[in-house]
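Read through the structure below, which is laid out as structure tokens, and then see the notes.
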Amino acid sequence: MVATSKQTTQGYVVEAYGNLLRVHFDGHVRQGEVAYVSVDDTWLKAEIIEVVGDEVKVQVFEETQGISRGALVTFSGHLLEAELGPGLLQGIFDGLQNRLEVLADTSLFLKRGEYVNAICRETVWAYTQKASVGDVLSRGDVLGTVKEGRFDHKIMVPFSCFEEVTITWVISSGDYTVDTVIAKGRTASGAELEFTMVQKWPIKQAFLEGEKVPSHEIMDVGLRVLDTQIPVLKGGTFCTPGPFGAGKTVLQHHLSKYAAVDIVVLCACGERAGEVVEILQEFPHLTDPHTGQSLMHRTCIICNTSSMPVAARESSIYLGITIAEYYRQMGLHVLLLADSTSRWAQALREISGRLEEIPGEEAFPAYLASRIAAFYERGGAVKMKDGSEGSLTICGAVSPAGGNFEEPVTQATLSVVGAFCGLSKARADARRYPSIDPMISWSKYLDSVAEILEKKVPGWGDSVKKASRFLEEGAEIGKRIEVVGEEGISMEDIEIFLKSELYDFCYLQQNAFDAEDCYCPFDRQIELFSLMSHIFSSRFCFDCPDNARSFFLELQSKIKTLNGQKFLSEDYQKGLEVIYKLLESKMVQTA
């Protein structure tokens, strides 16, 4: 098992500076250990971040007003841990994994020093025993299962147990609470262990048992610009940087609603509370398009908003990814949405300043890039010992000041992610939703997706690259038109420009308020993209730029109407037929 000190070490406060305390201690402590500081008849949770001789520096996760020199500090002997077990789904936690709905029963405001269990101890679960007496199991092996919503939640040998365990006793299948002992075992060294449905794991250590494998399954999110131009594989990593008001949070909310994954973990790290309230109001009433159930049944929310303690921002990010890794070990596909990693980086900068460390660029700590890289490296697809596969896809929103993508957090993120979805203020102001700029965005998964789709859609990769070239050429021609007007542009270039605008308006943009167009299934995307490819490869006959513009505006109107029709309905089929007839009326040849 992960070592836990049985003796309680104590100390006292020597100096306080904001939420950073210098504490003298007698005994043994280690970096990352949880400490509790006594103030006003309550105990405030803290974490050791530096050990120097017989003194430690601890960051307190609460308001430190009232702490005086000589205040008693108790060290717990264990690291900052997440409580893992059935009941995490539909849960709303703060950065220290306190259930906010339980805290709300005691007060409208978060009381200082109040901590509750993350998993309800009274809920009864229908437990099915899988292990038998005499089985030799190791960390991550299944002891039994409980039904959590539509998922079979696997109760596993704790991941903190690094020895093989011989099962000596098991409970029969039945209804039990999470604290019920469901099995007993003996390790090779002779230690007797008891297992319940709950286990703990240090949140800053990677949670992995199994073999990391290459991602080979597309994560369909229902946004054409993402699925086609900037695709992401399950187990991949991507980021969504953008300036204030560009739509980062709206994009993350869309991903949480429509991404083709089993579990979604939402980490609201330092963002406004109103955005979390919006999720809590909407999600119970929204239906998962993949299962038909409420979206909350597959969602876990870590809520550490801008009004909550800054020190807990770091723990909220690590808590979210630990919960996501836990569900990945069950062979499930998990999506972690972190909004925003910039707020986490700002918390790192604040504590680094108080530690008087040598600052890096823009006063961020010199180790910022390695911290961000270590976070994204915890994603990926994993093959378990039983042959099943799970994946953890990470999406991090980045909020660069003034939309400057050259700042340290964005640059450190871009060096480690597999896809970059850059949001543009200009596109957002022009009401082009989603405001992802395909000209600056990229994905390393494009060739992998092309290989996966090659059997279903021959030439998919080449067609996407051709569409990207049309966008680039169209943008260049558009700049020339602004300078010299349409009179100085050839008819061929005007046609390329209008085709690129048509592709942008009718394919890359979607209507978030339309029941059909807000989510576009992959089969529908393939058919619409086939239509766009047909338009790209066709040449048309026009007398003048005005006639060309009129034709493409009519075409745009009909395709927009088509996007709002129910897929494969009678109206949809008629609309598609009308569009192809309109194209034939002006077409002179196909390239």
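Backbone N, Cα and C define each Cβ position, glycine as well.
The ATP binding site feature in Swiss-Prot is assigned to GLY242, PRO243, PHE244, GLY245, ALA246, GLY247, LYS248, THR249; the stated evidence is sequence analysis.
Note on the binding-site residues GLY242, GLY245: the fewest other CB atoms within 10 A surround the CB of GLY245.
For PHE244 (ATP binding site), the same-chain residues that are 6 or more apart in sequence and have a Cβ closer than 8 Å to its Cβ are SER399, GLY403. Ranked by how many other Cβ atoms sit within 10 Å of their Cβ, the binding-site residues PRO243, GLY247 place PRO243 at the bottom. Annotated ATP site GLY242, PRO243, PHE244, GLY245, ALA246, GLY247, LYS248, THR249; additional same-chain residues within 8 Å of its Cβ mean position, judged by their own Cβ, are SER399, LEU423, LYS425, ALA428, SER435. Within 10 Å of the C-beta of ALA246 (ATP binding site) there are 25 other C-beta atoms, taking all protein chains into account.
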